[in-house]
Amino acid sequence: PHCSTIFVPSDSSGHFLVSVHYPKAGAVFPCCFLGVCTSGCGVNGAICSEPCARLFHGERLFMCQDGKWQKTTDSLLSTNMASMLSTSSSKLLPGPGIKLQSVTTHGNRNCLADLSCIVPDILSSPAIPGNIVNIVMLLKNISLKLSEDVNRAKMQSYSKIANHVLNASVISNWAFIRDKAASSILLDSVNLFARKLLIKSGSESILEDFMSTKGSSINKKTPGKRFDFSMRFNNSNSTIAGSVLIPQEELLKISTPSDAVSVAFPTLGAIMEASQLDDVFVNGMILSVALPEELRQISLTFEKFNKSNNVMARCVGWHSAEKRWDEAACKLKTDDANSSVCICKHHHHTFKSFSILMSPNTIRNTVLDYITFVGLGISIFSLLLCLTIEAVVWHHVTNTNIAQMRHICLVNIAASLLIANVLFILAAVAYEKVKDYAICVAVTFFVHLSYLSLFFWMLALGLLILHGLLLIFRKMKKSASMATAFFIGYGCPLIISVLTVAITEPRKGYVRDGACWLNWRDTKALLAFVIPALMIIAVNLVVVVVVVVKTGRLSVREGSRSQDLSSVTRTGKNVALLTPVLGLTWGFGLATIVRYDSLGFHVTFALLNALQGFFILLFGTLLDRKVWSPFDVHLLSHELALMA
């Protein structure tokens, strides 16, 4: 009833050419013929189901995007895997719903002891999406129901099965699994099973290519315990390293001899990315630990996949209940281009697995830090001096309406930038020292409000300049111009800031992980700053162009070649004066968005904007001759634009 289908025999093999017509996007069409979802499509959003490939059960779903079918989910289960899951012969098998069946009645008690009877069938099945899901559920149920007396043989069999779906060659298949939590279920299942490993002879080591388990007996006299791992992470011979260190001061807390177990996963981070479980880049192996209740703090070292010197690391723990990476579990101790050392809190119910995330939007560089904080210090001092000078000469420089409006805009620009700079420093301190979510939200709100106020006051000044240039003979009413300027400068930013926090905070998507600033990854809250800022920069750029054109026309009317040099000088002076006051230096931020990994762009942006307060003092106050000639009342409206 949803589509018309034309079947045309193509050859003796029995295959058909199929033409399917789609009336609307979003409908699901049964296309039970091999290859029908590989040809072109017509309606974006249409979904095609392709379930009838030989030797498989289940279906593949494709969505029409830009004229091509793009696979979205794949639940195909190979017939040998389906047969294995439904058979109740002398093996340990899950039936419908992945329920474990007792095998003792079939005369194969050894299978319960080491799980070896199911390993060959599992390893012989292809790790396609449907098979992966069923293997994960099998491992989950084994962990829940057969995790007593986990000896070396049983752990080896379990590791071989898990290794089959952790193989680097099948990472891409995880992207098409319908249940996006499957990778988290796998991690929790392995952790649950491994913590029951019986340690004999003081230590155990069970190594597979993509999963490695190490255990050791520990007591309060143990001089610190370290588990070192070096494993493959792709189909080549490339290796990645990691280690878990239990400090001796932690071991002193143990009341009785106990066991510690650690499991390393070099590919699970990439699998979680493919599953889109958390939209981050895991930049090292995942290390899981099972420790006695008394032990709460461990040190972990991660070698990085991406060894770019400009990329920061974030130490995180996997929150089992909420299925997300959480920075509250760890703090970064040391970080360089090759590796990171994290200090993490171990908790049996929440944090058992740890890793490092790459922050591609954050450049790590000592020069940048130095420029930012030294520049902010100079900027804050310059703004305080600017406001002091304005207060001293206020009555002398505001003797006309247009002059008063200009200085009102300048003072509010300086005040907004001063508050924003101070709050920026407080935000960094709040994140590094306090780590309180509510405080971080509050600081982020006021930083956002302050920077928006800065931009909207720069917009008000730009509009005032345009008025002075284009409407030179139209007088402004003082009350109307004041009301308009203050609504633009503070009303608009307040509305945007309140709406942003009201919309995103209920979903805990207001602030980002790693800093007290607007979230980008989850809710795109950062757009509430970026879009207004870029629009204002564009408007003020037009203002500067108008000033340059007006200056050029003035020199043309003068008609003397001897004025060419002075015209160029005047134009350059106008651009230099207006650029920092109207915020055009923030335009370099576009370069850092497009090329976030370019250190040169970041240094230029940090240098210009950290020193914006100094430029406002220099060009907005110190080079204004009216500040130093308070009794000069000869003021033309276009002088506002020239800032002479």
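For all residues, glycine too, the Cβ spot is worked out from N, Cα and C.
As recorded in TrEMBL, the features of this protein are as follows:
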type     : residues : note
DOMAIN   : 219-364  : domain 'GAIN-B'
DOMAIN   : 368-624  : domain 'G-protein coupled receptors family 2 profile 2'
TRANSMEM : 370-397  : transmembrane segment
TRANSMEM : 409-431  : transmembrane segment
TRANSMEM : 451-473  : transmembrane segment
TRANSMEM : 485-505  : transmembrane segment
TRANSMEM : 525-549  : transmembrane segment
TRANSMEM : 575-594  : transmembrane segment
TRANSMEM : 600-623  : transmembrane segment
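Outside the transmembrane segment (451-473) by six or more residues, the chain places 402, 405-406, 409-410, 412-413, 416-417, 420, 481, 484-485, 488-490, 492-493, 496-497, 529, 532-533, 536, 539-540, 543, 546-547, 550, 578, 581-583, 586, 637-638, 640-641 with a CB less than 8 A from a CB of the stretch. Mean model confidence for the domain 'G-protein coupled receptors family 2 profile 2' (368-624) is a pLDDT of 81. Against the transmembrane segment (485-505), stretch 525-549 has more CB pairs under 8 A than any other of 370-397, 409-431, 525-549. Within its own chain, the transmembrane segment (370-397) has Cβ neighbours under 8 Å at 403, 407, 410-411, 414-415, 417-418, 421-422, 424-425, 603, 606-607, 609-614, 616-618, 620-622, 624, 626-627, 630-631, counting only residues six or more beyond its boundaries. Same-chain residues lying 6 or more positions outside the transmembrane segment (409-431) and placing a CB less than 8 Å from one of its CB atoms are 373, 376, 379-380, 383-384, 386-387, 390, 439-440, 443-444, 446-447, 450-451, 453-454, 457-458, 460-461, 464, 485, 489, 514-517, 581, 612-613, 616-617, 620-621. DSSP assignment over the domain 'GAIN-B' (219-364) gives 14 helix, 76 strand, 56 coil.
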